[in-house]
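This report concerns only the one structure given below.
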């Protein structure tokens, strides 16, 4: 067995329970938010376009990555300080995490190219980014992600772990596994570094080039409203790219994977907890079309359950959730008034939300 124990958070058991509550809330919101994105992308024809097709797969990946890592971490916080994990489970967890991450990076690069075609060559967008092209791109991204990580994971677990069987992390982190090995890992770390550079910069390069052309094209638009509309189609993806690539570059692009292991724990929390948690907010509150679909869905829901006893309570809950979301992305100029019918009482609830971009 390989034994994994969580970061030694200072404080009493009550403090650990508080951390459990925070991480569980983040885990729950991540799952529910991404499920909502997947459902509306599949159900609403207005979102049947390449951008939202890729976004749906991005949400699937966020769910899978979170579900691969977070539940064992929550179990360790709640039950005991040391969480044991079998060798095969550790191999599986590391392989799935790295594979899903690689697929996500490929999709981020693809989404950047998609935005480039939409902004810089809009008349040929439907021809270039047709359904068949998008489907094959997604298939190749998934296949590449899983095939690319087979050898690195295999080579990692061919090492001899004679120093210790304790991994000071909340999942099977490769850098710590290399550090625990009694073999010479210098050459392997160099190969892993080159592979990380290939994946990260291979997807980052088309992203940088695409956004260079996108920004140049947007600045040439004469009207301010036109520039704003063009930039709004890329803002969500751009924010996600900055967060995702920034953390991944710090965590993986370094010659020695065993360096700065303590800092790696904090960055891993950003990748595994914070980034997936923010994804639903970034791609809903920063996107006019998604907000429109959500508002229309709420109206249909209220009409469907008009007069039902529980409609009022659920409508109130939806309003409070939207109010919480809106505070994360304030806007100075635009207010949207949402009117919800609350059943047979003929009452109307007016919610003022700052939902603009």
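Even glycines carry a Cβ here, placed using N, Cα and C.
Per TrEMBL, the feature transmembrane segment maps to 20-41 (among others).
What TrEMBL lists as domain 'G-protein coupled receptors family 1 profile' is 33-283.
Outside the transmembrane segment (53-74), and at least 6 residues removed from its termini, the chain residues within Cβ reach (under 8 Å) are 4, 6, 20, 23-24, 27, 30-31, 34-35, 37-38, 41-42, 83, 85, 93, 96-97, 100-101, 103-104, 107-108, 110-111, 114, 134, 138, 141, 170-171, 272-273, 275-276, 279-280, 283. Annotation comment: TrEMBL describes 53-74 (among others) as transmembrane segment.
Look at TrEMBL and you will find 94-113 (among others) tagged as transmembrane segment. Within the same chain, residues 51, 54-55, 57-58, 61-62, 64-65, 68-69, 137-138, 141-142, 144-146, 148-150, 152-153, 156, 171-174, 177, 199-200, 202-207, 210-211, 237, 240-241, 244-245, 248 sit at least 6 positions outside the transmembrane segment (94-113) and bring their C-beta atoms closer than 8 Å to a C-beta of that stretch.
What TrEMBL records for 133-154 (among others) is transmembrane segment.
Per TrEMBL, the feature transmembrane segment maps to 186-209 (among others).
Annotated transmembrane segment per TrEMBL: 230-253 (among others), in sequence order.
TrEMBL lists 265-285 (among others) with the feature transmembrane segment.
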